[in-house]
Amino acid sequence: MYGPAAHGIPFYHHNVRPGRRPDANDSLALRSPLLDEFRANKSHKWELRDIFGHIVEFSGDQHGSRFIQQKLESATSEEKQGVFDEIVPDNALQLIQDVFGNYVIQKLFEHGTQVQKTVLANTMEGHILPLSLQMYGCRVVQKAVEFVLPDQQISFVRELDPHVLKCVKDANGNHVIQKLIERVSPERLGFVNSFRGNVYDLSTHPYGCRVLQRCFEHLPEEQTRPLMDELHKYMINLMQDQFGNYVVQFVLEQGKPHDRNQVITKLRGQMMNMARHKFASNVCEKALVTAVPEERRALIDEIIMPKTDGVSPIVSMMKDQFANYVLQRALTVADNDQKEILIAKIRPQLVSMRRYSSAYSKHLISIERLLERTVNISKASDKPADYPSLAHKQVN
């Protein structure tokens, strides 16, 4: 199964367990007598030297892999070298992609010498793209990025550079790209230029949105400014997207003041529409929490002021499955004068809505409890209250 005879063709199966043997618990699995004894004789005090000559086989077994991982953490230099020599180079690629073996390789990166880490990473070079796209290989590539020297990090980047957008949109590869953004010196990450012109596409992608957030989190202004400026062009649409709304929330939470201000400016005049939207309502809540006092007052004024047709936004929000959470958030962050107005407008509506309909009972109970808590806190102290976070809305 392993060894030079099996080394001809790398596995590279994406999202599936490599088909190297029957299930580890299957009685037909091909095991050596030593591995059978190891699995059967738990009372024996096993050491790494007891399994030399069988390291690869043990690494591919659930129990054997766990044993090697534990022993490597406190192994002597000679023991580590013994394990290393049986795996590298002939069996490294197979174990990297193995459901149990990948953990042994990760431990070698964590506890091996710098020379061992370098040699191990050398065996991966030329295979970084397929390993990054493979279920278990991507974990080893991430671990390698953490422990290899900068020159080898650059080699990894160079291999992925022409395929970076493919990696970003891959369930496994996106984690490797995120790790590179977190760990590699920004001036070496030329692939970030590939994101320009693709910001909307990435923001609305389940994996791309995570990669963009890592860019804004770890890269300097000169690299992220073109991406952020592109983001602002699509802000209203992104607020309403199931993945894009997370990118917008990230900007509100961790962006520069100028960028947060631009998001909130786009939200002005749109509070009611956005509050009733499944995804944009999350952005409304985040805006109320992160806005500077003047901006927050303006957003809450939109909730308080009746529309031109005389309909109260508060009534609509109390009835809505998403907007009622935005209303609750406004109650917790409003200045005292706005809070009093909100309470005065909500309380009579609670009575009326309870009397004529049971359809909104779930929403109303939450609002009523928050109202009572808000009033009690206001009575107890004139200081700004430290309100608990609202439970996240449960939606289908």
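Cβ atoms are placed via backbone N, Cα and C, with glycine included.
The domain 'PUM-HD' feature in TrEMBL is assigned to 30-372. Annotation source TrEMBL lists repeat 'Pumilio' at 50-85, 86-122, 123-158, 194-229, 230-265, 266-301, 302-344.
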(message) Could you give me three numbers for the repeat 'Pumilio' (302-344), the DSSP helix, strand and coil residue counts?
(response) 30 helix, 0 strand, 13 coil
(message) Looking only at the repeat 'Pumilio' (86-122), what is the model's average confidence as pLDDT?
(response) 97
